[in-house]
């Protein structure tokens, strides 16, 4: 009897629903990619903010971005269910404000003395609003279906679209504002006075055209943001767990946070991905400088980046099939460790453009695994938590917001390590060439350091307890919990029996 009822309980998501859900991941990636690659050069060369103020804007903005994730997670956990759901209202109301704030980041105000405050204000405001979009969107994974396989499939769709979003953000921003690139200075010992004089040679008309190009790119990306948000809102229905409706009172945020951070599988998963994320972010943050100065491929950076992202895009469906066939832990070991031999090859080889493209395509395969697996494994951890804490609810945003927090923490650490290392090595700003120590430092930041971090992360994954057998057990127990909650004639005896089974 139970086996005959099970197919009726299984909820299949249509391809259209998965695509609508996946499209919602594009705004965060498109805007993040454009800001990550182009905001620094925009502040220095287009808005003409002094380097110290630009560094303050970038550092404070990134730090604030990390802090907002648990804050937004806290407020979402306090939200009540509405006709639109518990997460969708955050996405709906944050979208128009985020678009306005993003556009104003790329606008040059007419008051030069207050420019730094302008950019700091709207950069932090946008990061807050996009967090109000991204944290509930990430937590929405748990509410589009109760089936693990369907959530995993939707996550694969999402990761594919997000990788395409990074390609799209780079392509749009790069093509429209390519004329904003500043030529390098042949004399590495050029003085600050001479540098200022070189900047003044740009005509007002040319600078205005460059500023308009950045505004045009911002307008295109803002339009993409709105379109993707509308598709997500209209195409995805947020579902409530049956057993959640029977709980009498919500759990407080701090009690939920204490339970979440004491959940062993979550801590081990976060620790493992913290090291692997730091490794890939070191490569990402220093890739342009490495190609330009160490390999000498100044004009090939965007093409190499495109090769990596396209390779990752086409490989994500393969990794989705692989983790379904062989398990997620096996996919972690093979997918992430596959970057090690290619990073080693980059460290040992001389300058060779063809080999560099081969390595870029191979690196995209590992990047795809790094994109897909964390978001595919987090729902398994949350399911395991729900079985151990069956009377808790509203903790999903805490799980996702703190994972994003630790990821951004890794990004900030990688930025600090890279900047300090290059500064100690004697990096020359806007130089056509760099000292040998800088080239060696870039090679270590892109190859050997990430290899060590990847190996440490894989060692931590050995401690992660949720394998395929554990996932199947959790799936059966959760199905029993949902059936018990959905039955109208639930008795105290049945509830006691269910509790003993769990």
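Every residue gets a Cβ built from N, Cα and C, even glycine.
As stated in TrEMBL, the feature transmembrane segment covers range 442-464 out of the listed 189-211, 442-464. Per TrEMBL, the stretch carrying the note transmembrane segment among 45-69, 120-144 is 120-144. Taking TrEMBL as the reference, the stretch among 163-186, 355-378 described by the feature transmembrane segment is residues 355-378. Among the ranges 330-348, 482-500, the one that TrEMBL lists as transmembrane segment is 330-348. If you count C-beta pairs under 8 angstroms between the transmembrane segment (21-44) and each of 88-108, 213-236, 269-292, 304-324, 355-378, the highest count goes to 213-236. Panel annotation: around the transmembrane segment (120-144), residues 13, 17, 21, 24-25, 27-28, 31-32, 39, 56-57, 60-61, 64-65, 68-69, 72-73, 76, 85-88, 90-91, 93-95, 97-98, 101-102, 104-105, 150-151, 154-155, 158, 229, 232, 236-241, 375, 378-379, 382, 396-397, 399-401, 403-404 of the same chain, lying at least six beyond its termini, place a Cβ under 8 Å from a Cβ of the stretch. When each of the listed stretches 88-108, 269-292, 330-348 is scored by C-beta pairs under 8 angstroms to the transmembrane segment (398-422), 269-292 comes out highest.
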